[in-house]
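Asker: This structure is in structure tokens; I'll ask about it shortly.
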Amino acid sequence: MASPPAHRSSKAADEELPKASSTFHPSLWGSFFLTYQPPTAPQRANMKERAEVLRERVRKVLKGSTTDQLPETVNLILTLQRLGLGYYYENEIDKLLHQIYSNSDYNEKDLNLVSQRFYLLRKNGYDVPSDVFLNFKTEEGGFACAAADTRSLLSLYNAAYLRKHGEEVLDEAISSTRLRLQDLLGRLLPESPFAKEVSSSLRTPLFRRVGILEARNYIPIYEKEATRNEAVLELAKLNFNLQQLDFCEELKHCSAWWNEMIAKSKLTFVRDRIVEEYFWMNGACCDPPYSLSRIILTKITGLITIIDDMFDTHGTTEDCMKFAEAFGRWDESAIHLLPEYMKDFYILMLETFQSFEDALGPEKSYRVLYLKQAMERLVELYSKEIKWRDQDYVATMSEHLQVSAESIGANALTCSAYAGMGDMSITKETFEWALSFPQFIRTFGSFVRLSNDVVSTKREQTKDHSPSTVHCYMKEHGTTMDDACEKIKELIEDSWKDMLEQSLALKGLPKVVPQLVFDFSRTTDNMYRDRDALTSSEALKEMIQLLFVEPIPE
């Protein structure tokens, strides 16, 4: 939840809608996705048939890979994962990863291989040691890498971002290689594939990129590589285009739901960002089986946006407290507690949750109960933040994050995603673990909160608001806003290390659980790096076009 404004006393009658004080720009997409027309059934069937043939051709290549050809095997797995194809070969990849981890008989003097092996294993949950990079340290403190060996330099840079606290060799690798890559970039042809890879890595290290966006951007780069596998390339293009069809149908459904929600509730003051919210959630759950997760996530994010804007900008304290009381009842009879302008929204919200139960069916509808609990907790915390606001209370950073790391919606998002997954490894125990707000999810929540605050605080100077984490740090440590923002950026960087350490220590949970949290972190980083792209969504327009509007030429 963004920082709320100072308290305004309520003198309006229940029937009056609070006046909008925001200047949110209108949707950039209007009814664009509502008019989407899918290809004919025969066209789609033909695409799926071709994709299945190609998947089996690639599977044969993967099954023929061994650790005896370690560089080729590691590179193939990395390529498949970057192209968004890893999902189809999870069993084969898991088997190869175990062999790669168990086999220590490889050339430890090959910096590119060492870096790619380290990256691949840590990314996939293996806690391999970083001291293997000590072999490449020079007396001057740099890393031994021939000037012409640019690929190894880039691999080392990307591998080093899978670092934990105290791994000085990886901290030094980032500092050293970044300078060399920046210098190298100035000497490369700007349109060359390798220049694009270097530029992308300097902006966003490979581990932190949104998977579906990386696939879309990497396909044309891979197409120009001399060592490309034609079957892999053709499959990557076809697979992306098939996914895009699914995404557009889901966007059409979510857009129709949103338009009905706003039209019937008459809450026209809220941010109209359903396309951007789908884009955001898609980045966390892009694999083919997770269609229902994407839909539930998008609708939950839309509901949170409405509630956030009511609490944040438009609702009086009295009205918001009435809403909080009614919220936990989950019953139409509670509308008598609400001011008139909230009643239709409340009913529509109940209908939305009922639709989740219907979609999940009798065996999995229990999951919605956990999702409701997560939302109840969210609204409870919004109410606490309003009380802080009204008291002009400035918490310490630690106290603020105890509340705001949770009120940012981390539990609601993770439970929404788990709820829609067909994977039967997601059990009641998974939800109970998530709702206990364990340290791993708390760290993720802190990451989202800090990422949001560091880009929104200056914008919120234009209106009354309660303190963000930036203001809390400024008061607690007596610093300027710029200094506080720099410190919070350091804390954000530390959060990546914390999440990696905590994920490697998780036991007894489905593999998708930590993967999902990292995917949420990646897509959140994309939303909040340098700007609040949800509120000012022009920054996302090109990315949305790439994912949902422009198919890849085959």
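Backbone N, Cα and C atoms are what each Cβ position is placed from, and that goes for glycine too.
As listed in Swiss-Prot for this protein:
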- Asp308, Asp312: Mg(2+) 2 binding site (BINDING)
- Asp308, Asp312: Mg(2+) 1 binding site (BINDING)
- Asp308, Asp312, Arg449, Asn452: substrate binding site (BINDING)
- Asn452, Ser456, Glu460: Mg(2+) 3 binding site (BINDING)
- 407-411: region 'Determine the stereoselectivity of the enzyme' (REGION)
- 308-312: motif 'DDXXD motif' (MOTIF)
Asker: Give the maximum pairwise CA distance in Å, whole number, for the residues Asp308, Asp312, Arg449, Asn452 listed as binding substrate.
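Answerer: About 15 Å separates the two most distant Cα atoms.
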Asker: Taking only the Cα atoms, work out how far Asn452 (substrate binding site) lies from Asp308 (Mg(2+) 2 binding site), in Å, as a whole number.
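Answerer: Just about 14 Å between their Cα atoms.
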Asker: Counting only residues 6 or more past its boundaries, what in the same chain has a CB within less than 8 Å of a CB in the region 'Determine the stereoselectivity of the enzyme' (407-411)?
Answerer: 1, 301, 304, 374, 377-378, 381-382, 384-385, 434-435, 437, 441-442, 444-445, 448-449, 452
Asker: How many Å separate the Cα atoms of Asp308 (Mg(2+) 2 binding site) and Ser456 (Mg(2+) 3 binding site)?
Answerer: 15
Asker: Of the residues in the motif 'DDXXD motif' (308-312), how many are helix, strand and coil by DSSP?
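Answerer: Tallying H, G and I as helix, E and B as strand, the rest coil: 5 helix, 0 strand, 0 coil.
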Asker: Restricting to the chain of Arg449 (substrate binding site) and a gap of 6 or more, list residues whose Cβ falls under 8 Å of its Cβ, or answer none.
Answerer: Leu401, Ser404, Ala405, Ile408, Thr469
Asker: Measure from the CA atom of Asp312 (Mg(2+) 2 binding site) to the CA atom of Ser456 (Mg(2+) 3 binding site) and give the result in Å, rounded to a whole number.
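Answerer: On Cα coordinates alone, these residues lie 13 Å apart.
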Asker: Per DSSP, how many helix, strand and coil residues does the region 'Determine the stereoselectivity of the enzyme' (407-411) have?
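Answerer: Going through the region 'Determine the stereoselectivity of the enzyme' (407-411) residue by residue, I get 3 helix, 0 strand, 2 coil.
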